[in-house]
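Asker: Straight out of Swiss-Prot:
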type: MOD_RES; residues: Tyr47; note: phosphotyrosine
type: MOD_RES; residues: Thr65; note: phosphothreonine
type: DOMAIN; residues: 68-103; note: domain 'EF-hand 1'
type: DOMAIN; residues: 104-139; note: domain 'EF-hand 2'
type: CARBOHYD; residues: Asn131; note: N-linked glycosylation site
type: DOMAIN; residues: 151-186; note: domain 'EF-hand 3'
type: DOMAIN; residues: 188-223; note: domain 'EF-hand 4'
type: BINDING; residues: Asp201, Asn203, Asp205, Glu212; note: Ca(2+) 4 binding site
type: DOMAIN; residues: 229-264; note: domain 'EF-hand 5'
type: MOD_RES; residues: Thr254; note: phosphothreonine
type: DOMAIN; residues: 265-300; note: domain 'EF-hand 6'
type: BINDING; residues: Asp278, Asn280, Asp282, Lys284, Glu289; note: Ca(2+) 6 binding site
Amino acid sequence: MDLRQFLMCLSLCTAFALSKPTEKKDRVHHEPQLSDKVHDDAQSFDYDHDAFLGAEEAKTFDQLTPEESKERLGKIVSKIDADKDGFVTVDELKDWIKFAQKRWIYEDVERQWKGHDLNEDGLVSWEEYKNATYGYVLDDPDPDDGFNYKQMMVRDERRFKMADKDGDLIATKEEFTAFLHPEEYDYMKDIVVQETMEDIDKNGDGFIDLEEYIGDMYSHDGNADEPEWVKTEREQFVEFRDKNRDGKMDKEETKDWILPSDYDHAEAEARHLVYESDQNKDGKLTKEEIVDKYDLFVGSQATDFGEALVRHDEF
């Protein structure tokens, strides 16, 4: 599907969404849950497996023998030990957990990378991205499908330049990831806020007032009463979003809204795994300590079978 087809589809989806005025649009970027399992090690280590590996990868370990599981875990530990000092710290484990949870992002980047690295030099320049994404627009600057492609291209170029740390208009894979998924990078958060404000700020005064805030998430349907969640959002705006009580949100207030400082579940899980596995209590883990507790980190056919026995007995 090319960009034109995608945007036409997006237009239809948008129109469909607007026809459902009680549906709420969520602009807030939350950290994803580490697992949808209950975190209760007395019952099972399923939560820990999902957190450490990601839910999909965790399923593959359930098919392995204990020996295979330990061998594969040992290889993972070598990747987690970023400074190669033979130990895994809480910070290294936290970084790994965050990577495992966001593996889908890197898979998305890999898919898009192949379509934009046109000269296959391991980099994506702005020219390559522009030509691959907007090439036909340059040939036909006034398409009749209602989208302002030039404006979209200007916005993309601004974001590309922000992601491009060294300013050479050529993105490494990490910079390209920041371009495609800016909410995942601290240095890109200002552009996320700026783009959000541009989307919502209809009168162009550089702020988001109450009506713009509500109008972005709710399309009023004639004489129908507002749903309760809209009334709640009005109260949220007045009581919490508009911190200085001037009737509108500035950049900092918008940032606090869409990029909240959530509880760091990855760090909490990393500390839990270290605490449970650290046999000599030195605050860090060796490969041997991790592999000895393989059932906590990754599981196998044996741990899965044991869990099944527990559930059968309970039944």
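Here the Cβ of each residue, glycine as well, is placed from N, Cα and C on the backbone.
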Asker: Which listed stretch (68-103, 104-139, 151-186, 188-223) has the most C-beta pairs under 8 A with the domain 'EF-hand 6' (265-300)?
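Answerer: By the under-8 Å Cβ criterion, the domain 'EF-hand 6' (265-300) pairs most with 68-103.
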Asker: What are the non-local neighbours of Asn203 (Ca(2+) 4 binding site), defined as same-chain residues 6+ apart in sequence with CB under 8 A from its CB?
Answerer: Asp209, Glu212
Asker: Which are the residues of the chain, Asp278, Asn280, Asp282, Lys284, Glu289 excluded, whose CB is within 8 A of where the CB atoms of the Ca(2+) 6 site average out, their centroid?
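Answerer: So the additional residues around the site are Phe87, Val274, Ser277, Gln279, Lys281, Gly283, Leu285, Thr286.
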Asker: Under the DSSP assignment, what numbers of helix, strand and coil residues are found in the domain 'EF-hand 5' (229-264)?
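Answerer: Its residues fall into 21 helix, 2 strand, 13 coil.
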Asker: Can you tell which of the binding-site residues Asp201, Asp205, Asp278, Asp282, Lys284 lies nearest to the residue listed as 'phosphotyrosine' in space, using Cα positions?
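Answerer: Checking each of Asp201, Asp205, Asp278, Asp282, Lys284 against the residue listed as 'phosphotyrosine', the shortest Cα distance is to Asp278.
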Asker: Looking at the recorded positions listed here (Thr65, Asn131, Asp201, Asp205, Thr254), whose Cα lies nearest to that of Lys284 (Ca(2+) 6 binding site)?
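Answerer: Going through Thr65, Asn131, Asp201, Asp205, Thr254 one by one, the Cα closest to that of Lys284 (Ca(2+) 6 binding site) is Thr65.
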Asker: Given the recorded positions Thr65, Asn131, Asp201, Asp205, Thr254, find the one whose Cα is closest in space to the Cα of Glu289 (Ca(2+) 6 binding site).
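Answerer: Answer for the nearest of the recorded positions: Thr65.
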Asker: For Asn280 (Ca(2+) 6 binding site) and Asp201 (Ca(2+) 4 binding site), what Cα-Cα distance in Å is obtained after rounding to a whole number?
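Answerer: Just about 57 Å between their Cα atoms.
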Asker: So which one is it: of the binding-site residues Asp201, Asp205, which has the fewest other Cβ atoms within 10 Å?
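Answerer: Comparing Cβ neighbour counts within 10 Å for the binding-site residues Asp201, Asp205 gives Asp205.
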